[in-house]
């Protein structure tokens, strides 16, 4: 079928999909997302509600074992470990994601990943009955591993399964599910639901529900067509997957395009992490991934969530109502990411990144001024609250979703799994360092806390405008050729090792 008489026909800019194909693609997005990046956002937010209950349980457990209460500083240490084991597990999961994506495939990796969720839910659910806070620590490590795997493989799976005219919007649904998980975690963690002193084990174990939903739905949906043809060499399975995803529409042109990418990858095996970092032909892509990935984690959005409670209290929001205002911040990010998903294929990736970081710079500057003058004018706390919501909206429109699809679009099939390992390791390391250093920054910088974050936003906007190519509406092969031309036009394509095709990577 590849090259079979279709070379003289111009490729249409858009091929209509049948209603059945659109439904299958939508179900694929939902099934991958509910047990994927949704789990990351959900487990990131639900741990906030039972903070005091878990600390009290830790102290009571230690006293029951030893007859003495645990000193306050050790209770805080145990709690810090419970929180920090989540990003540590995410780092481990990010390292596992690349080999899993190659050896098991994209879909099967997401399914196997739920084993970590099931084990964590069992540990959470029985931790109080067993009188073991160590079970909570181990459970947080396991859900972190699960989140690290899914944060890398889900956008890879969806980006490879979507048609090129919808690739950006489909890949950005990963950010939508993350924001949805954060918001629902805030809702479920309300004191009136599962955030009370008796229900917190059920709150932590509720991560089992989205995992079960994914296990029940994802096996019925197709594997990534690009993985099937390029990595596995199975043309029949690739055509079957395309037919299922696109309905009964003509998939010959899309199969041909994947075949061209397979030919371009001929003789090249999947890159290992260190080979990706050493390849001179990929330095531009790796640099973009590192710079923009670091900017997303260091731009201050996570710190806004940490600072929101005190801002709302300063603005006069009653203590018992602050938890509802916090839900409003999660809803803002969900709304902004959804809007970004709707417009990304019209305005492009670079515009959203530049606009998002520019608006974050503006609102962060006003936020700093409002913090400095909050005791001088009675309306300044209200301005700070407005800036909080505006900053989160700007983050959701730009960096929150667009950054996550860079590894899908800037790298070809052989380099993509290793690129997602880089992306995942970077994200989880930055998340851990920001969480560790934020209290010290807050203490030392006070009202000028956001000055470093503003500098990061400025750098992100400048880099996006000067060095990031636009990938809207282009095939993976077209993007790869353009990046080779921009980066090192005199060098041959990376990784050419002769005619042998190797599609596996050693663990």
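Cβ coordinates are placed from backbone N, Cα and C, and glycine is handled just like the others.
Note that TrEMBL annotation is computational and uncurated.
Annotation source TrEMBL lists domain 'Major facilitator superfamily (MFS) profile' at 29-472.
According to TrEMBL, the feature transmembrane segment maps to 74-97 (among others). Tertiary neighbourhood of the transmembrane segment (74-97): same-chain residues 40, 43-44, 47, 51, 54-55, 58-59, 109, 113, 116, 133, 136-137, 140-153, 417, 420-421, 423-425, 427-429, 431-432, 435-436, selected by CB-CB distance under 8 Å and a gap of 6+ residues from either end.
Marked as transmembrane segment by TrEMBL: 109-126 (among others). Cβ atoms under 8 Å from those of the transmembrane segment (109-126) belong to residues 32, 35-36, 39, 93, 97, 100-101, 135-136, 138-140, 142-143, 145-146, 149-150, 153-154, 157, 201-202, 204-208, 211, 214-215, 218-219 of the same chain, restricted to positions at least 6 beyond its ends.
If you look up TrEMBL, you'll see 138-157 (among others) marked as transmembrane segment.
Summarising the annotation, TrEMBL assigns transmembrane segment to 169-190 (among others). Sequence-remote contacts of a segment are chain residues at least 6 beyond its ends whose Cβ falls under 8 Å from one of its Cβ atoms, and for the transmembrane segment (169-190) they are 25, 29, 33-34, 36-46, 48-50, 151, 154-155, 158-159, 161-162, 203, 206, 323, 326-327, 330-331, 333-334, 337-338, 340-342, 344-345, 396, 400-402, 404-405, 408-409.
What TrEMBL lists as transmembrane segment is 202-221 (among others). Proximity of distant same-chain residues to the transmembrane segment (202-221), defined by a Cβ-Cβ separation under 8 Å and at least 6 residues beyond the stretch ends, is recorded for 24, 27-28, 30-32, 34-36, 38-39, 42-43, 46-47, 49-50, 107, 110-111, 114, 117-118, 120-122, 124-125, 127, 136, 139, 143, 188-189, 194-195, 244.
The transmembrane segment annotation in TrEMBL covers 322-344 (among others). Residues 45, 168-169, 172-173, 175-176, 178-180, 182-183, 185-187, 190-191, 304-305, 308-309, 312-313, 352, 388-389, 392-398, 400-402, 472 of the same chain sit 6 or more residues outside the transmembrane segment (322-344) yet have a Cβ under 8 Å from a Cβ within it.
The transmembrane segment annotation in TrEMBL covers 351-373 (among others).
Residues or ranges marked as transmembrane segment in TrEMBL: 379-406 (among others).
According to TrEMBL, the feature transmembrane segment maps to 418-442 (among others).
Sequence annotations record features per position, and here TrEMBL assigns transmembrane segment to 448-468 (among others). With a threshold of 8 Å between CB atoms, the same-chain residues lying at least 6 positions outside the transmembrane segment (448-468) that come near it are 284, 287-288, 291-292, 294-296, 298-300, 303, 307, 349-350, 353-354, 357-358, 360-361, 364-365, 367-368, 371-372, 399, 441-442.
Look at TrEMBL and you will find 487-507 tagged as region 'Disordered'.
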Take every residue in the domain 'Major facilitator superfamily (MFS) profile' (29-472), average their pLDDT values, and give the whole-number result.
86
